[in-house]
Amino acid sequence: SGSCSLKTCWLQLADFRKVGDLLKEKYDSAAAMKITRKGKLELVNSRFNPPTPDDLVYLDQSPDYCVKNKSTGSLGTMGRLCNKTSEGMDGCELMCCGRGYDQFKTVQVERCHCKF
């Protein structure tokens, strides 16, 4: 008949939030590795299952982002404002790294340009 069917596949990135959540999940469950004398990677803690090709692994511990560190450029979290009622990244428990925090109340006056 001279006709043919065409299929077009489109590749697109997943939602940015989903990508970030997946990376954070992998970061949190990354496997600590060490290099043996023979130059091979080995789990630091042999009680864990060996990592799969999809798992993240690391050789060096991440720096403590709670504390100021000039060599890594981390400013730490001391003195930053946090949200007492939030359980997210801006929450005081997480941001203050369990060190406690000062509480204060503020009154913020803003012009709302309301029309009645």
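All positions are counted from 1 along the displayed chain.
In case you wondered, yes, glycine gets a Cβ from its N, Cα and C as well.
Here is what Swiss-Prot says about this protein:
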type: DISULFID; residues: Cys82-Cys97; note: disulfide bond
type: CARBOHYD; residues: Asn69; note: N-linked glycosylation site
type: CARBOHYD; residues: Asn83; note: N-linked glycosylation site
type: LIPID; residues: Ser1; note: O-palmitoleoyl serine
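Comparing C-alpha positions, Asn69 (N-linked glycosylation site) sits nearest to Cys97 among the recorded positions Cys82, Asn83, Cys97. For Cys82 (disulfide bond), the number of other Cβ atoms no farther than 10 Å from its own Cβ, over all displayed protein chains, is 15. Residues within less than 8 Å, Cβ to Cβ, of Asn83 (N-linked glycosylation site) and separated from it by at least 6 positions along the same chain comprise Asp90, Gly91, Cys92. Mapped onto three states, the DSSP output places Cys82 (disulfide bond) in coil.
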